[in-house]
């Protein structure tokens, strides 16, 4: 008898909790992305600008539109940068050239999204100023070409020099989200952070506008000199 009452009480509590929860899907039945945990605009825990390396406000200005204008970030990448996308997923690996990293990852991902449009926000910046190391938390939001809501969180662990150039980058992303996005929108392949990438693999969408096939030859010659 007590067990029956306990089960009835548990069922009633479960139904009451479910009735107060916000719906997890939109009107079309698509899952809703979780809201960003940070407030905008970005608040700096160290707003100083008289820094030995890079200041947090300076980083925010450079990375404010990384999803749609990665070329602006390229200007602050050292030619011999060590760039590694961590994990075990299609984008993972070591890249000796940041352009290859961009084409094989962000550009390829953009080709899976509606109108190639991505809303990117810098959630938080940690470190920097008199420390050569920084951590940037980035949030990306878009709609896939299949019409599904899409979001991705990325973490950049970066080392800068006194000339404000990126010398080392380790970036962490949601591997499951990347694999689902590519699986749903193109032919899927895999990789790991133990692989060194020397070839351009932008995916079925091809190269970014303004970059032609000669880039492959130029990059090959450049890599042979390393």
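Each residue, glycine too, has its Cβ placed from N, Cα and C.
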Given ranges 20-39, 40-59, the stretch to which Swiss-Prot attaches the annotation region 'Disordered': 20-39
Local Cβ density at residue 141 (N-linked glycosylation site) - other Cβ atoms counted within 10 Å: 16
